[in-house]
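Below: one structure, written as structure tokens.
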Amino acid sequence: MEKEELKIVNKGLEDEMEISGYRLCRWKLALVGIGVLCTGGFLLLLLYWLPEWCVKGTCTRTSVRDAQVVLLQSTVSTLHPGRLTVLQGCSGSPLMVLMQHKVQMYLTLILLYLYRKLFFGVNEIAVKVPSVFKLLIKEVLNPFYIFQLFSVILWSADEYYYYAVAIVFMSLISIATSLYTIKKQYIMLHDMVAAHSIVRVSVCRANNEIEETMSTDLVPGDVMIIPTNGIIMPCDAVLISGTCIVNESMLTGESVPVTKTNLPDPGHSVKREAGDSTYSTEEHKRHTLFCGTSVIQTRFYSGEQVKAVVVRTGFSTAKGQLVRSILYPKPTDFKLYRDAYLFLLCLVGVAGIGFVYSIVLSIINHVGVPAKTIIIESLDIITITVPPALPAAMTAGIVYAQRRLKRIGIFCISPQRINICGQINLVCFDKTGTLTEDGLDLWGIHRAEKGSFYLSEEKVCKEPLVKSQFVACMATCHSLTKIEGELSGDPLDLKMFEATGWILEEATEEETSLHDHIMPTVVRPPKQLLPNDTAVLCCLPQSSYEIGIVRQFPFSSALQRMTVVARLLGEKRMDAYLKGAPEVVTSLCRKETVPDDFSEVLENYTKQGFRVIALAHRRLESKLTWHKVQNINRDVIETNMEFLGLIVMQNKLKAETPGVLEDLRRANIRTVMVTGDNMLTAISVARDCGMILPEERVIIADAFPPRDGQAATINWRYADNPVKHPGKGVHLEQYHFAMNGKSFAVITEHFQDLLQKLVLHGTVFARMAPEQKTELVEALQSVDYFVGMCGDGANDCGALKRAHSGISLSELEASVASPFTSKTPNISCVPSLIREGRAALVTSFCVFKFMALYSIIQYISVTLLYSILSNLGDFQFLFIDIAIILVIVFTMSLNPAWKELVAQRPPSGLISGPLLFSVLTQILICLAFQTFSFLWVKRQSCKNTTYLHCVICFSEVYNETEDDDHNIRNYENTTLFFISSFQYLIVAIVFSKGKPFRQPTYSNCKCSFASYCMYVIVCVPFHWRMMMLFIMLANAAVSALVEVSVDLRGSRCLSWLCCRRNKTPKARYMHLAQELRVDPDWPPKPTTTTEAKTPPSPKNSSSHSLSSS
């Protein structure tokens, strides 16, 4: 069979997967069956744990078309084989809906409907709660429990019943706890998804017939009617008539209502292009009702309903993708976990050596020993070397850290990421609501007329301005609505409208139903603000000065503007009002209306850290009727505008921001600002909060895409005029890059080789769209930064998910958008999280080292005792594993985090020189002292009766049996038992380090008390010979001295021994920094231009040249 090329599904998306087809092969199935019988079922378990091996071991490769089994391999996840079935669409490929000829969407043939239903399947996000039996089987077949089952069988065969029962008891508790937790999580997720997911909906069929059906029968292309009393959306749908007020807190974490308008008709677009007729969820999200969001209010035509076309169903919807990310989270790739498996493999290798050694020793020195005894005692070495309690011990530190985080108001839904927080060396911050206060205060206005600015004014709410176009724009250009009598909407819109002092009124449903069109939202000034003019009063009552908002073009982060069409009561012509980013607004205005000093005025405000919004107005033509305005495209309206002026908003820094950023700076943790605000405003805030120091320079990169046959270019300039120091240039630590979203997009596409250099010192990224924030996080991760992201959860969901550690400053107790959620609405949670992450990471290292030493110490004791055909007794094993090891493990993890962040970071993996050197030296020390004690006891020729009684009494108490078939009660056994027990305590104390990442061990009262109790127990009997006490004290002193020496000089000694004094740094960002230090052309000089010489290619990076401009 000719092999088919590998196929890709969901190409270019987050859930991209490789798909390959297979057919069952009879002879391979027969071979696997024979192997299962020969291995006693172990091969079947191995194939269960490794699905890829199972598919390739039982099937042959074929085309996907002819496949009986398909293998789906995610680019970031594990392998998931499954039977070939008709998939419910492609989760990342939304149905493309044509915006033209919308009436044709209403007419669907029965045959087409049945085909669509067959293809897309049931509209249901099915989270099945597995039965307890299925969960039990899945949990029991875990390799850890299989190994424990093997150990229990082995111990039972060797008559170690007490310890076997203890392990079974612990395993049953662990399995029961795990089943309860997993079952509870499934039920919670099922209830969350099932709530309002299946409802009755009205669907418009052929000939405009209305059919009541269940939401599970909806398929893309159906036209559903949105009820007036609201609904929880069961699918993703795009509005084609009417407007809706929607609560999208399920998606964004913010409960601010959003206005959704109907899909515009591209037939009226002036700048219409071929691609404009295609619906895009991201581009048209202001017209899309997402699954799981709540429709609060609807507004509609008389005689018509609010209608929406279904575009995505089931797991393809926004809610479905969210649920899928919870069910199948992106695996956390962390060096600690990879090294842990390697370390376990090393222990297995050591166990294999001991297994062979014990067999050879038994055969050579002890002829006549039954084969069963030799095999059992040899296999026992494996259960000793690989500790069964290791997973529980590793989890303990994370659980304690999670509890400590919860106490300070930080909630975690991904505990494994706590360890990764200990490696964070760069944190990205959103600006508004994160570094600065969430709300904006109106600082003042700066009106313009006939191409020149007036003087700035503080108050808007005054009589001379009440009928000006500037105030009318402030009062109408917003998306505010009334919910239960209270104004609600975007905080910026709310502040702007409240500054005018005007009143907003909305029509009731009864009033709307009496008219032929949507009753507009009306705004009017209070009576006391209207001019007291008798002539005006005679002709026009005060209450008649009202402005109705006829049409809204909602704010778009991509367009960076918002527009409304309004009509003054009594006027025939309508007015268009626009607000948005100053650079965008002025580009849509007539040049003669924009003041010549606009750039200077804007720069003056932004440098002071103000947020500036520009306003514009246009008197529309009389031919534009109400019905035409409802179907017109916004680019027809947003042209030839008249510039009205600027609104200056003040965004104050939060009180905690400067101190937290200073703590991060001292800890050598980079900070980056990622915001949607103006660049100069962002730079000013970065200087004010200490992200950029006063003496440090900011280089702005203005990138321009290719045009008119010319290549893409980057213009470099300073954000301000730096003070020149003679004989001094710009040093590496003294400059920062700043760029906006457009420049970032151009650099990402056309200057790929410069991107890593720029993010190395990029500090301010302004006007960044939500997807660009995610791209920036990925770019930082590509140079080996461990990236943290801190945002308010509204526009940062993608970046919060993609970062190594996402922290949402949401008021919700837990957020599905990020692994961590802080109840404290400021960035003080960031250093707390990093400190706890470092403490948890160091605890994981300590526990792993301790468990490894525990296994090796016991391995040494048993191996020495095997040389005289002896072993530790059942109660001795029980005492060591229960009374010593578990108590120490679960108390040594209780050390809280150190009080402050330090510049030093803990190692990221177990396979590091100092850590391995520490483990190896402690192993050699324990081996030396145990061997010395063992040989010393064997050489004692004069043993009086009293001494013998003292030596063996402990073994007699804990190993009372009718006979001593296993030769347990002997001098060597008791000696090694006492020495090894003391060694467990020694390595626990030695490895349990304190400063600079954790509080010292003596501050951990529980651990100190447990160690003291163990010391009292271990020191029985009191008549122990001075020699034993001397060995114990010497062991403790040598272990402590060596560990301190390894901490202080270990890295230097290893570098000297390995002759790697000029070692190349492993992290890519450090390697780049070294290269840039010796690059005379970096950083680029101001007033120069970098040009892309060759056309951009996804595979080949561009080459560039610098030229003076």
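Cβ coordinates are placed from backbone N, Cα and C, and glycine is handled just like the others.
Straight from TrEMBL, the features:
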- 14-80: domain 'P5B-type ATPase N-terminal' (DOMAIN)
- 29-50: transmembrane segment (TRANSMEM)
- 103-123: transmembrane segment (TRANSMEM)
- 135-155: transmembrane segment (TRANSMEM)
- 161-182: transmembrane segment (TRANSMEM)
- 201-326: domain 'P-type ATPase A' (DOMAIN)
- 340-361: transmembrane segment (TRANSMEM)
- 381-401: transmembrane segment (TRANSMEM)
- 841-869: transmembrane segment (TRANSMEM)
- 875-894: transmembrane segment (TRANSMEM)
- 915-937: transmembrane segment (TRANSMEM)
- 974-991: transmembrane segment (TRANSMEM)
- 1012-1034: transmembrane segment (TRANSMEM)
- 1078-1109: region 'Disordered' (REGION)
- 1087-1109: compositional bias 'Low complexity' (COMPBIAS)
Statement: Per DSSP, the domain 'P5B-type ATPase N-terminal' (14-80) contains 29 helix, 20 strand, 18 coil
Query: Any chance the transmembrane segment (915-937) and the transmembrane segment (974-991) are in contact, meaning at least three CB pairs closer than 8 A with a sequence separation of 6+?
result: yes
- prompt: Can you name the far-off residues of the same chain, 6+ from the ends of the transmembrane segment (29-50), with a Cβ under 8 Å from a Cβ of it?
  reply: 57-58, 141, 143, 146
Message: Under 8 Å between C-beta atoms and at least six residues away from its ends: which parts of the chain pack against the transmembrane segment (135-155)?
response: 45, 48-49, 161, 163-164, 167-168, 171, 175, 178-179, 182-183, 376, 379-380, 383, 386, 388, 391
Message: Check the transmembrane segment (340-361) against the transmembrane segment (841-869) for contact, please; criterion is three or more CB pairs under 8 Å, pairs 6 or more apart in sequence.
response: yes
Message: At a C-beta cut-off of under 8 Å, are there same-chain residues at least 6 beyond the transmembrane segment (161-182) that contact it? List them, or none.
response: 132, 135-136, 139-140, 145, 148, 151-152, 155, 388-389, 392, 874-875, 877-878, 881-882
Message: If contact means at least 3 Cβ pairs within less than 8 Å, sequence distance 6 or more, would you call the transmembrane segment (974-991) and the transmembrane segment (841-869) in contact?
response: yes
